[in-house]
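So the structure is just underneath, and the comments pick up after that.
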Amino acid sequence: MNCLFLFMSKKPKSRGNMEKEKKNIRGREFLQKSAPELTTRKTTLSFNLPTPRSLPSPTSIKDLYTDREQNQNQNLRVFSFKELSDATCEFSRKLKIGEGGFGSVYKATINNPTVGDSHSSPLTVAVKKLNRQSLQGHKQWLAEVHFLGVVNHPNVVRLLGYCSEDRERLLVYELMSNRSLEDHLFTLRTLTLSWKQRLEIMLGAAQGLAYLHEIQVIYRDFKSSNVLLNEEFHPKLSDFGLAREGPEGDNTHVTTARVGTDGYAAPEYVITGHLKTHCDVYSFGVVLYEIITGRRTLERMKPLAEQKLLEWVKKYPINSKRFKMIVDSKLCNKYPIAMVRRVAKLADHCVNKIDKERPTMAFVVESLTNIIEESNSEDMGSSVGIRG
């Protein structure tokens, strides 16, 4: 089966355009057979990858869905299973770059044809292959296509296409070659992120979350492993399988099954299942403490009193001299301690047990921006001893 592109053209129908329209029809027929959920108009799902020019500064995710349906400018690429199997050498272990409960992620090289051009160039991508046995995996696959097919932001990973063939469900993303924030904080030993890099990564992640909240989407799974880094260490949020539309009208929350990752989920959500944007803010605060300490939110191999990050850091008050003891030793004292304290105070604000007392992500973006600007005015390489 050939690769298909879904799109509509407003230009006069030349012979080339007629051929493209035939591909469009074949693509819709293919989807109706393999994943009818994606062609049901009632769900207002769309598979266009928006461009800044086409994005009308929407007020909600529903506006994006409506805009894509009316525009009908659908251009997410539909891959055949054979094409992705060939691109990954039949999903070779040598090309596997990630694995989780959903399935596995592989590095692959695909042809990248330009519309209207018979030539193509190779493109390196990431292919996520879901476990065939997982019903939940299929739901999350739909959710990813659902959201990433319409959102467009520099700090949200770009979905290039998908495959839905028989029971196979795959997603194709831009490749984030520097792996995840989690990898650099806890796993990789070849490179330590500087304090400045950590702040800039968290600022980008905050901007991505602020955008999602602006269009009324709750991410629900913010954690260091979902912050991916490209070759320039530019951060992008990934894995939208748990994302949900936010509350409407006078509703203050949406009620969902309690899912997520231990240590990152807000306590009120764990108890009640009530989901708000405040839940994402809590998770963000947890990751702020991860970049400060170089510790995971849960360290089960540590002594019992040190296993839970948020409980452990309370023993080292921010304004005390002992606070320096929790800062990641891999930073080798190369950070302005006053700025680290400010980030810790922001983290405390984010993880406030009273959800309404937490800041908005827009406030977090502003705060981190100010901290970075002030940090840049200081010597980022000075030792903590000098800064006291």
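Placed from the backbone N, Cα and C atoms, the Cβ positions cover glycine too.
Here Swiss-Prot flags C3 as S-palmitoyl cysteine. Marked as domain 'Protein kinase' by Swiss-Prot: 91-372. Look at Swiss-Prot and you will find I97, G98, E99, G100, G101, F102, G103, S104, V105, K128 tagged as ATP binding site, backed by sequence analysis. Residues or ranges marked as active site, proton acceptor by Swiss-Prot: D221.
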Cα-to-Cα gap, G103 (ATP binding site) vs the residue listed as 'active site, proton acceptor', nearest whole Å = 17
I97 (ATP binding site) and D221 (active site, proton acceptor), Cα-Cα, nearest whole angstrom | 20
Around the Cβ of I97 (ATP binding site), other Cβ atoms within 10 Å, all chains included, total 15
Arithmetic mean of per-residue pLDDT over the domain 'Protein kinase' (91-372) = 90
For the residue listed as 'active site, proton acceptor', what is the secondary structure by DSSP, using just helix, strand and coil?
-> coil
When you measure from the Cβ of V105 (ATP binding site), how many other Cβ atoms are you left with inside 10 Å?
-> 21
